[in-house]
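Read through the structure below, which is laid out as structure tokens, and then see the notes.
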């Protein structure tokens, strides 16, 4: 089959070919209003201009103002038929054989903006944020570190996707500085806790589901319909203060050790774009309860990397290479479980996967695992790191290689800055 090509030149290694077309929110100028766009090569296609030109003329999107909004919430709420219609329209408009946009100089100048010139914003207004704990390798490693090797994985973990409710207000877009949090911690051997800047600041390599249509309060989502409630995925870094977290988390779970910042990438890659990379999910033993038993249980073969650039250095080091396919509990199981008690999800909610670690040492998805809670420092450009120092910059990236193209997420980055005095 001939590979679909765009009239816009796209480098073979670009994360944003015509096969991807991820959605985001951007400002073309500092004083512009936020508007939706899709990434194509080194450009952003301004969907407000395409909409105003009447080019979304399918049965579901004609006369819709969903691309004239300052966020993507209205569009993601419309559901899979509307998403498919938009994708088909955009792939046709951007294809090398379609003259409508290619040969319209005025519209092309208005609607195609260089990526290097725009400000990227959070793609959705996030009403709620939940974070799961769905990688078996991460769960085992954390259990061994904190409880020992005798019983590293608690019994409930194999029966349900464990999660906690995060803080939506501190979810920030990639590129936002991360202020080192302060709080209480309790070092081993000390009789009382101390207060101050965290000494164990960590990253967590995660991805997150962007919820599309929600569900009514009291009406759970059937596991075999859950995919229709997932618009797409973003990279997510759930920054963690391990010393604050260790002191506070019993009995109610994470609080200040997590809620100070969570970074997400600006581009939402749709499940339609990821479908060529779907793969079989791991066998679950014991079998899940019926409400979590899927007719088709799948993950995505998506390579993930974490790079750290130490303070004062221009070069970064790759510290983690993992893959989304390592998740034990699938994205659809996470969403269905979230609603099984009747909890209502809403468009734009985000569901973090939890740290995505694999079986190899280099696939551990956080410094807690990589350094074994600081016992085995990493070497970054000749510098030892147990945890993150002020000035360190962490960058997550994710991509899948197709036949002649790459589907990618861009990057999710953040730089550590000192605590406020």
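Just so it is clear, glycine is given a Cβ too, placed from its N, Cα and C backbone atoms.
As annotated by TrEMBL, domain 'Fumarylacetoacetase N-terminal' applies to 19-123. Taken from TrEMBL, the feature Ca(2+) binding site applies to 131, 204, 206, 238. The substrate binding site feature in TrEMBL is assigned to 133, 147, 245, 249, 355. According to TrEMBL, the active site, proton acceptor annotation covers 138. Look at TrEMBL and you will find 157-416 tagged as domain 'Fumarylacetoacetase-like C-terminal'. Annotated Mg(2+) binding site per TrEMBL: 238, 258, 262, in sequence order.
Here the domain 'Fumarylacetoacetase-like C-terminal' (157-416) returns a mean pLDDT of 96 for the predicted model. Residue 204 (Ca(2+) binding site) has 355 as its nearest neighbour among the binding-site residues 245, 249, 258, 355, going by CA to CA distance. A 10 Å radius around the C-alpha of residue 238 (Ca(2+) binding site) takes in these binding-site residues out of 133, 147, 355, in sequence order: 355. Nearest in space to residue 245 (substrate binding site), taking C-alpha to C-alpha distance over the binding-site residues 131, 206, 258, 262, is 258.
Distance noted between the C-alpha atoms of residue 355 (substrate binding site) and residue 131 (Ca(2+) binding site) is 9 Å.
The Cβ of residue 206 (Ca(2+) binding site) lies under 8 Å from the Cβ of 131, 235, 236, 237, 238, 352, 353, 354, 355, 356, 365, each of which sits 6+ residues away along the same chain. Take the binding-site residues 133, 249: by the count of other Cβ atoms within 10 Å of each Cβ, the lowest one is 249.
Here the CA atom of residue 138 (active site, proton acceptor) lies 18 Å from the CA atom of residue 249 (substrate binding site).
The Cα of residue 258 (Mg(2+) binding site) lies closest to that of 133, out of the recorded positions 133, 138, 147.
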